[in-house]
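S.K.: When I checked Swiss-Prot for this same protein, it listed these features:
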{"type": "REGION", "residues": "61-80", "note": "region 'Binds to human NUP153'"}
{"type": "MOTIF", "residues": "65-72", "note": "motif 'Nuclear localization signal'"}
{"type": "REGION", "residues": "92-112", "note": "region 'Disordered'"}
{"type": "COMPBIAS", "residues": "102-112", "note": "compositional bias 'Pro residues'"}
């Protein structure tokens, strides 16, 4: 995953469109998922996605993009805390499925 500080989110120059902002959000969510799956259990990623969707989209009535944004914030915090606690898997990762043995569950819907 590239350094997130190097990525300037859309909207800072005033020339971006809403569609570009949504594309940026989708790319960033996919990138954090690709990194997180190497460090966190797939069940955790799946549950955070499902619960974010259920709460923000279904219960609160927020848009899809807002739900993805809230999910992105949670996953960034989870990956940050994992690294802060001394992750030694920066190069190789924990392998597919994080710490779980056996076949991995399906990835979050729409984020394959």
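Using the three backbone atoms N, Cα and C, a Cβ is placed for every residue, glycine included.
Provide an account of the burial state, proximal residues and distances for the features listed.
M.R.: For the region 'Binds to human NUP153' (61-80), the list of distant contacts is 4, 21-22, 25-26, 28-29, 32-33, 35-36, 39-40, 44-45, 48-49, 52-53: same-chain residues at least six beyond its ends, Cβ to Cβ under 8 Å.
Mean model confidence of the motif 'Nuclear localization signal' (65-72) amounts to 93 (pLDDT, 0 to 100 scale).
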